């Protein structure tokens, strides 16, 4: 086992990364090894997808499968060995299918079949024991003694960034958004990473390419969400329980939320969002469901307590899931899509009757709690509508600075930095937030500036796209570069979606970003220095020192 993809990975003087019997996330060594083998097989599929494309062969089913299965290897997504093995076997099937199509096309065209790299040649074992025996060939640091640590760090930066992009591709696909060109570029990068490179410049360029690719993917996802559900609008949301039977929907998948709402109409069940599903409450399409009553709980890391206290059924539509046995609710949590946990019921297809039956059998909330409301829904359409007023207040001096504070949340004590930063921002500044990092301060009162709320909740982590659109619009109005705006970005990171959002921002030329609470363990000190020199990327220090620098720089 070797896994170093998330913020909570083991860090020791002897080396970084989880490499024992179990990762810090709870992932067993066998599961980690099977996930590495899955990635290896997916890279082999991409090798043939690239070659097949050169001869005009495009398989949309395979284009959709590869990022979806890759998504299963993200932090806190799928811990079920049987499901991981099934994805791996399917990858082997698709690779063979593409290989046959490619070779047939070569024969028809009268050209030679090209030699493929080792990553596309593995004959997959048929049992778990055989697959685990093959796993060392797929170990991410298998050649660590032969390559410079900076090269290893760049490889991992690319791999983990591409994982994040794969997740957003799958979210977009669920909403009907696919793009053959995007899929083709995705395969090219997967294929490239399947042949471990020692070219630092090429790896760095690839990392920026992944960022650019993800910008296109975020635009696809934004189009999918707004076409399906309308543009988010400023919305007041209750965060306290309502009396009655209940279902809690967590993750990111709004299509699943829609299906659950449709299937619970008239059944006397209240539906609550959780975590990154909170932004759904701002979409017009969901406001026609009166039994979508509000948001319950906070960010993913608190779920073992929050789900244990929730007296209804819980649905995990995507990341992040952690051990449901700790809170003794494994019999009433359900997984969807790429999510998996051993022994937890997985919902295939679009029938949520098992979830509904479980909710009806449980007690539900026995009384209403005193409401506490927050305001959400400031995605790019709402931000653009407010832009003239924002510009006027900037010109008058009423608004002097913008802060984007958000990203992933986590359970480390030093993440209190983000709470203190938000509370310490000047009264003449605006705070934009997104992702589950918002839960560090989104229930606090920040007031307004001439009717413009000081705290603007932009949405999910992928809604960094909305924040980018606002920054571009403001830069155009003020006829300046984005980096010349009175704008400071402070991103909390935990997993691979945050990595690819960072790569996206860097690829767009956004500079002077701060990340925290700790730097990725796979980034060497030298790589961190290069990123600081090239982009001004730096780690958070103290609220007082960082605020002083940010406000002075602006």
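Glycine is treated like the rest: Cβ placed from N, Cα and C.
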Of 158, 436, residue recorded by Swiss-Prot at the hybrid [4Fe-2O-2S] cluster site of 252, 276, 320, 408, 461, 495, 497: 436
Three-state secondary structure, which DSSP defines for residue 436 (hybrid [4Fe-2O-2S] cluster binding site): helix
Which of 252, 497, the listed binding-site residues, has fewest other Cβ atoms within 10 Å: 252
Of the binding-site residues listed as 3, 6, 18, the one whose CA lies nearest the CA of residue 495 (hybrid [4Fe-2O-2S] cluster binding site): 6
Number of other Cβ atoms within 10 Å of the Cβ of residue 408 (hybrid [4Fe-2O-2S] cluster binding site) across all protein chains: 28
Among 276, 495, which are binding-site residues, the residue with the most C-beta atoms within 10 angstroms of its C-beta: 276
DSSP three-state assignment for residue 3 ([2Fe-2S] cluster binding site): strand
Count of other CB atoms lying within 10 Å of the CB belonging to residue 6 ([2Fe-2S] cluster binding site): 26
Neighbours of 252, 276, 320, 408, 436, 461, 495, 497 excl. site residues, C-beta within 8 Å of centre, hybrid [4Fe-2O-2S] cluster: 275, 300, 319, 435, 460, 494, 498
